[in-house]
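**Q** Not my notes, these are from Swiss-Prot:
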- Lys195: active site, proton acceptor (ACT_SITE)
- Ser15, Tyr16, His36, Lys110, Ala143, Arg259, Val283, Glu285: NADPH binding site (BINDING)
- Lys110, Gly139, Thr141, Lys195, Asp248, Ser258, Arg259, Asn260: sn-glycerol 3-phosphate binding site (BINDING)
Amino acid sequence: MNQRNASMTVIGAGSYGTALAITLARNGHEVVLWGHDPEHIATLERDRCNAAFLPDVPFPDTLHLESDLATALAASRNILVVVPSHVFGEVLRQIKPLMRPDARLVWATKGLEAETGRLLQDVAREALGDQIPLAVISGPTFAKELAAGLPTAISLASTDQTFADDLQQLLHCGKSFRVYSNPDFIGVQLGGAVKNVIAIGAGMSDGIGFGANARTALITRGLAEMSRLGAALGADPATFMGMAGLGDLVLTCTDNQSRNRRFGMMLGQGMDVQSAQEKIGQVVEGYRNTKEVRELAHRFGVEMPITEEIYQVLYCGKNAREAALTLLGRARKDERSSH
């Protein structure tokens, strides 16, 4: 591979970053995958697979491993960031001075900025300036299924139409990976943050033993909370009926591959927050997202009762069953009301 002709540099060699890199490489593109731990990258290069997360998926020959950040960023103008939301801003500030003058950046990170609750687009603009084209991909994607080449569909939104078209062409694979463009940059970002919160709630409900009826009601009312918050931020309500909204919400709330759902189930079964996090063993994005989404809702005056009760369980020591009963005991109202 010529040092500067890769189609994409992927920043983040966890399960999802690796799965996206494999998908791009399988599409016939030269891809560079960078990770912050040189030993981990050396292991990936030696094994030609990510044995920790995706042990049965060999790397295509066009997937190249790199532990030097400057070299990785020089390889392509297109940069795909796949890191946890709480380090997103830090990573962008780290890569900014090393990016090519013609760089364009897309992220698959789901969530909001830690502590502030800001959308990641605002974090990116602050870190990178106003000139770099930005994009986000989001939707119902478990890394194992994506890497295995099972059929998957996502949404893509960008600040730049040319970048959006190029990304859609790079990512789209008629055999297994369908990419829908969407002009709603805010909505595509927001869905991925709120669904993490609701998935914890769905897990709690199942952990308590409330059954399928309760889980479905929670998903439906969670979608209403997502839509209300989106409307307050200027998103298109139709976005939340698509891949980045309802699609991701249903997947994360109903399948045990979801760390957020499994975390919630443990809480519903009586485990404390710290023990549940330790048992999961990987980042539970919804834990931080709950605090961030709640802050965003308060800032915009949006009532989100499910999010509030999950926050009370995670940060204030409330019992999961008690939180569920609080929701069930709320005053009667019109299903279409704004609160």
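Placement of Cβ uses the backbone N, Cα and C atoms for every residue, glycine included.
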**Q** Round to a whole number and give the Cα-to-Cα distance in Å for the pair Tyr16 (NADPH binding site) and Thr141 (sn-glycerol 3-phosphate binding site).
**A** 9
**Q** CA-CA, which of the binding-site residues His36, Lys110, Arg259, Val283, Glu285 lies nearest Gly139 (sn-glycerol 3-phosphate binding site)?
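**A** That would be Lys110, nearest by Cα distance.
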**Q** Could you round the CA separation between Ser15 (NADPH binding site) and Thr141 (sn-glycerol 3-phosphate binding site) to a whole angstrom and send it over?
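**A** Pair distance, Cα basis, whole Å: 11 Å.
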**Q** Other than its own, how many Cβ atoms are within 10 Å of the Cβ belonging to Ser15 (NADPH binding site)?
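**A** Cβ-Cβ neighbours of Ser15 (NADPH binding site) within 10 Å number 19.
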**Q** Between His36 (NADPH binding site) and Thr141 (sn-glycerol 3-phosphate binding site), find the distance joining the two CA atoms and give it rounded to the nearest Å.
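**A** Their Cα atoms are separated by 23 Å.
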**Q** Could you round the CA separation between Val283 (NADPH binding site) and Asn260 (sn-glycerol 3-phosphate binding site) to a whole angstrom and send it over?
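**A** Checking the Cα atoms of Val283 (NADPH binding site) and Asn260 (sn-glycerol 3-phosphate binding site) gives a distance of 9 Å.
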**Q** Fewest other C-beta atoms within 10 angstroms of its own C-beta: which of the recorded positions His36, Lys110, Lys195, Arg259 fits that?
**A** His36
**Q** Tell me which residues of the chain lie with their Cβ under 8 angstroms from that of Ala143 (NADPH binding site), as long as they are six or more apart in sequence?
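**A** Counting only residues 6 or more apart in sequence, the Cβ neighbours of Ala143 (NADPH binding site) under 8 Å are Ser15, Tyr16, Thr18, Ala19, Phe53, Leu54.
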**Q** Tell me, which binding-site residues from Thr141, Asp248, Arg259 are within 10 Å of the residue listed as 'active site, proton acceptor' if we use the C-alpha atoms?
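**A** For the residue listed as 'active site, proton acceptor', the binding-site residues whose Cα atoms are within 10 Å come to Asp248.
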**Q** Using C-alpha atoms only, work out the spacing between Thr141 (sn-glycerol 3-phosphate binding site) and Arg259 (NADPH binding site) and round it to an integer in Å.
**A** 13
**Q** Taking the residues Lys110, Gly139, Thr141, Lys195, Asp248, Ser258, Arg259, Asn260 listed for sn-glycerol 3-phosphate, what is the greatest CA to CA distance in Å, to the nearest whole number?
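**A** Roughly 16 Å, rounded to the nearest whole number.
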**Q** May I ask for the distance between Asp248 (sn-glycerol 3-phosphate binding site) and Lys110 (NADPH binding site), taken between their Cα atoms and rounded to an integer number of Å?
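**A** For Asp248 (sn-glycerol 3-phosphate binding site) versus Lys110 (NADPH binding site), the Cα atoms are 11 Å apart.
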**Q** Neighbour count, 10 Å Cβ-Cβ cut-off, for Glu285 (NADPH binding site): what number do you get?
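**A** Around the Cβ of Glu285 (NADPH binding site), 26 other Cβ atoms lie within 10 Å.
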**Q** Counting every protein chain present, what is the number of Cβ atoms, excluding its own, within 10 Å of the Cβ of Asn260 (sn-glycerol 3-phosphate binding site)?
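**A** Result for Asn260 (sn-glycerol 3-phosphate binding site): 25 neighbouring Cβ atoms inside 10 Å.
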